[in-house]
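First up is the structure itself, then whatever we jot down about it.
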């Protein structure tokens, strides 16, 4: 079923765990630090990732077990006025993740890749609550580590009114600001008739969108779209002729549509559809219809699954059984995406897990069985420009040595961003595949 964005009023929904939980942030994320670790899942991770990641795993493990050190990105909404917000962010130590498209640094290679130093991990997350800190939505001060709130920032002028009618599209510009510390911005609450000026997310979740390379006029399919952060990033980066956001689960589909309606003006609704089909059928029903397809596949989210202690050992066992079944679904979704993209188009496959069976093995299996699918290299486009912000795993082989010559080298099947002290983004795996014929 397809419907246009904004065609009906959506019911509010409770947030639930899913492949993006912990990647696209929600208010539910605030509860994570108080949850206990599921030891059954941690033991499983220790065995699997010691083998697969070797010397990377201890530092990655320390980050995953300490939500207080997780960093967060602030993605700006180009459909609102954000000049004052940008000034405030920069004044409090935030810097742009991405260079300006017209800046010479946008194409300049970064320095020789290296692992950042390993600082001591501690719970230093600076978190503010809207209801506790900002009783009046119009008066917002941006947070700074170990600082008091001062100089209120008014959002009244920067929030776009939905009922203002058609207007010229703002120039595409994907802007995300990050802080070297674990500074947590308050999530803007929903306000009737207003667009939200920014979206909180794990900055690594922007990498699949960058790899997708959407251009103005492209027909784009976001196959597993909920909760909607990557769809928002796509519409920030370009003006596609069509963006189909698909989510099979009705509950998450409503969450997705509500997210889109909170950030995108109704004047763009004719170009954006929300679908709730099984993603595995798109390759049959809409074969060759799209220029770009994103498969942000359902996966065993390492961040959230570690805190699956509710329900005890029984729930941990269910999680691990589900983990074993996921690669089959992921391969079916990727094959469907490759069939739905036109010859010459590209598919980006991504997950937010470190698991080789859900990442590299899925891509290898599909490449071996889908004629006309060819792996695209992401070294120059993703690794070199962004290696100062993200820790990329070395080539995927057991116990690979972490040396400057290996870090940043594109594995044979994709890139893996691993959480590391000081660079706590990820996990995020991404692979770009081109359909040649």
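Note that Cβ sites are derived from N, Cα and C of the backbone, with glycine treated the same way.
Residues annotated as domain 'SAM-dependent MTase RsmB/NOP-type' in TrEMBL: 134-436. In the predicted model, residues of the domain 'SAM-dependent MTase RsmB/NOP-type' (134-436) average a pLDDT of 84.
Feature annotation from TrEMBL assigns S-adenosyl-L-methionine binding site to 224, 225, 226, 227, 228, 229, 230, 247, 278, 296. Within 10 Å of the C-beta atom of residue 224 (S-adenosyl-L-methionine binding site) sit 25 other C-beta atoms, taking all shown protein chains into account.
Annotation comment: TrEMBL describes 352 as active site, nucleophile.
The CA atom of residue 224 (S-adenosyl-L-methionine binding site) is located 13 Å away from the CA atom of residue 352 (active site, nucleophile). The distance from the Cα of residue 230 (S-adenosyl-L-methionine binding site) to the Cα of residue 352 (active site, nucleophile) comes to 13 Å. Other Cβ atoms within 10 Å of the Cβ of residue 228 (S-adenosyl-L-methionine binding site) number 26 in total over all chains.
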